[in-house]
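Asker: I grabbed these lines from TrEMBL:
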- 20-40: transmembrane segment (TRANSMEM)
- 61-85: transmembrane segment (TRANSMEM)
- 105-127: transmembrane segment (TRANSMEM)
- 147-168: transmembrane segment (TRANSMEM)
- 174-195: transmembrane segment (TRANSMEM)
- 215-233: transmembrane segment (TRANSMEM)
- 253-273: transmembrane segment (TRANSMEM)
């Protein structure tokens with residue numbers, strides 16, 4: 001990192017012209033968020049199971065927020081500085097190759113170890129509750145079988161993307177685009193539902209097998225509407241939304257659209273359904 005900071009052209013970085021927030025900054029933030037914080041949200045419940053009751057909610061919030069935001073800020077700022085060393089980085093179709101050519105060869109293994117150190121713990125935590133996720137959709141298997149199934153999926157996808165498809169960046173961006181739209185609305189609905197309707201916590205009886213409430217239709221309907229709207233404003237290699245024009249063309253603003261529509265839907269439910277009628 002020290003060598004990298006010395007090699008960067010700081011004066012050139014601070015003199016770069018300002019870009020567009022709508023077509024430049026926000027799409028970049030959305031794709032980074034889709035590949036980090038939004039995708040990590042699926043492991044929140046798994047990780048929360050290991051948090052003790054004595055832990056303050058504020059500590060949990062700030063630790064997870066800053067722990068996720070600070071490294072991403074450093075990476076994004078590092079990308080800007082790296083573009084001063086290798087100007088073609090911002091427009092190339094193979095940014096990884098450009099980065100490796102601009103930086104010393106010994107940084108590659110270090111980068112791999114850092115990336116693996118961040119991803120492996122997340123996978124381990126998620127794998128522990130993988131069997132429960134299958135059970136929620138009616139697939140009852142043992143813990144070992146669940147680990148084998150999910151492990152095979154986790155191995156098969158990167159093997160295909162890296163060694164078979166031949167276009168890692170395209171497939172990676174495509175995956176993050178679809179994942180971001182679907183999960184951004186899901187996270188927004190979950191947070192709104194928790195804040196608006198369940199400020200005192202969830203009713204444990206709703207989780208029992210004999211509960212009469214099996215679905216949160218309010219959340220399901222909101223998610224379908226929000227996700228569909230997000231795709232309508234999105235275009236990529238396999239999908240061209242009818243409203244993906246102008247500022248929405250060739251970027252990932254559909255991720256933000258999905259989250260915004262989800263929040264609007266939940267606000268409307270707040271007005272229509274009184275708290276006392278919420279299951």
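Any Cβ shown, glycine's included, is placed from N, Cα and C.
Please treat TrEMBL annotations as automatic predictions, because they have not gone through curation.
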Asker: Where among 20-40, 147-168, 174-195 do we find the most Cβ pairs under 8 Å to the transmembrane segment (105-127)?
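Answerer: Per the Cβ count, the answer is 147-168.
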Asker: Using a Cβ-Cβ cut-off of under 8 Å, list the residues of the same chain that are 6+ residues beyond the ends of the transmembrane segment (253-273) and lie near it.
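Answerer: Those are 22, 26-27, 30-31, 33-34, 38, 177, 180-182, 184-189, 192-193, 196-197, 218-219, 221-223, 225-227, 229-234, 241, 244, 247, in sequence order.
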